[in-house]
Ligand SMILES: CC(=O)N[C@H]1[C@@H](OP(=O)(O)OP(=O)(O)OC[C@H]2O[C@@H](n3ccc(=O)[nH]c3=O)[C@H](O)[C@@H]2O)O[C@H](CO)[C@@H](O)[C@@H]1O
């Protein structure tokens with residue numbers, strides 16, 4: 001009798017459930033890269049917006065499901081959202097039966113709800129990753145029922161009764177590739193690169209607030225300033241008009257910079273919203289930032305996100321409400337003339353970075369997948 005060959009271990013099959021904007025898709029992409037590197041088989045279950053996302057996720061086997069929000073869209077909007085969610089759940093139940101994944105991972109947002117609810121119903125292992133320091137509605141709802149609840153922020157709040165696993169915020173390989181670039185502060189008369197970014201959708205207010213603040217800087221500071229300003233598409237023209245006569249050393253405007261990681265790495269100072277990926281990227285790269293949270297984010301979670309960095313000394317939290325162009329100009333001028341303070345903040349930001357967050361989350365996901373026999 002010929003000796004039997006040992007069976008090759010089957011690659012774990014992971015379903016990634018994420019949709020909506022970059023906020024959920026970027027960390028899903030970072031996890032996808034880490035899981036592919038560990039030999040996992042991946043399927044992306046997403047909504048219409050997530051399907052349009054490129055990069056690693058764009059190359060995965062993808063299934064689209066219906067997903068609607070049920071919060072704050074008026075009675076008709078909520079009713080439609082609830083119907084879509086119900087239909088999405090029926091789709092997801094059938095889809096998971098066919099795909100038979102070993103684990104389902106969700107990133108919050110309504111697109112992740114149907115696949116996770118279906119997985120819970122079918123007693124499959126599940127992992128949720130919460131990107132914000134205050135958990136979102138979908139994740140709060142799922143928290144007591146999923147196998148593991150991973151969080152990005154060590155200082156964040158977990159849903160009641162949950163023991164979270166702190167993995168950090170998975171950031172894209174394009175960011176990780178730049179993490180050894182040292183922060184080089186600009187001397188008092190040297191060119192100063194200021195990067196202004198409002199997250200994946202841009203921030204409307206930055207197109208007026210920043211030009212107005214920069215206009216108040218002394219000539220000598222404006223003449224050394226290289227400004228990279230992300231504006232929402234509808235504000236680009238007006239923002240261009242506001243900055244063109246300010247006598248800056250250089251200006252670049254766009255509604256979305258595809259090379260943002262490189263621009264972050266090159267910035268002497270960043271002015272930004274405090275979305276979870278932006279915070280994760282600033283920390284991994286170790287770049288100082290003025291943090292202006294989006295005041296209408298659900299439960300004001302961007303303020304909670306920014307607080308950890310502010311307290312660690314890696315940035316300056318400036319709430320938008322009371323912020324005037326004058327106050328921002330004073331802060332900018334002070335920082336442009338304080339290379340040592342900027343270098344110190346860069347070090348403090350780096351100290352809270354978690355460059356191996358995607359790896360940690362990938363390991364957690366695969367360990368959870370191995371508990372499948374216990375679940376079924
Ligand atoms: C307005 C709002 O509610 N935003 C939420 C959204 O984040 P939102 O997607 O707006 O912001 P994030 O900071 O999480 O992510 C932005 C991402 O876009 C990239 N980028 C940005 C601009 C650009 O020109 N090029 C570019 O590549 C950044 O590098 C980053 O990777 O989901 C996040 C995760 O749940 C939340 O923390 C945010 O509060």
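Yeah, the Cβs are placed from backbone N, Cα and C, and that goes for glycine too.
The UDP-N-acetyl-alpha-D-glucosamine binding site feature in TrEMBL is assigned to 21, 22, 23, 132, 172, 200, 302. The domain 'Glycosyltransferase family 28 N-terminal' annotation in TrEMBL covers 14-148. Sequence annotations record features per position, and here TrEMBL assigns domain 'Glycosyl transferase family 28 C-terminal' to 194-360.
Distribution of TrEMBL features across the structure.
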| residue | record | CB count, 10 Å |
| --- | --- | --- |
| 21 | UDP-N-acetyl-alpha-D-glucosamine binding site | 15 |
| 22 | UDP-N-acetyl-alpha-D-glucosamine binding site | 19 |
| 23 | UDP-N-acetyl-alpha-D-glucosamine binding site | 22 |
| 132 | UDP-N-acetyl-alpha-D-glucosamine binding site | 26 |
| 172 | UDP-N-acetyl-alpha-D-glucosamine binding site | 21 |
| 200 | UDP-N-acetyl-alpha-D-glucosamine binding site | 19 |
| 302 | UDP-N-acetyl-alpha-D-glucosamine binding site | 29 |
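Classification of residue 172 (UDP-N-acetyl-alpha-D-glucosamine binding site) by DSSP places it in coil, neither helical nor stranded.
Secondary structure from DSSP puts residue 21 (UDP-N-acetyl-alpha-D-glucosamine binding site) in coil. Among the residues 21, 22, 23, 132, 172, 200, 302 said to bind UDP-N-acetyl-alpha-D-glucosamine, no two Cα atoms are farther apart than 20 Å. Confidence over the domain 'Glycosyltransferase family 28 N-terminal' (14-148), given as mean pLDDT on the 0 to 100 scale, stands at 90. DSSP assignment over the domain 'Glycosyltransferase family 28 N-terminal' (14-148) gives 71 helix, 24 strand, 40 coil.
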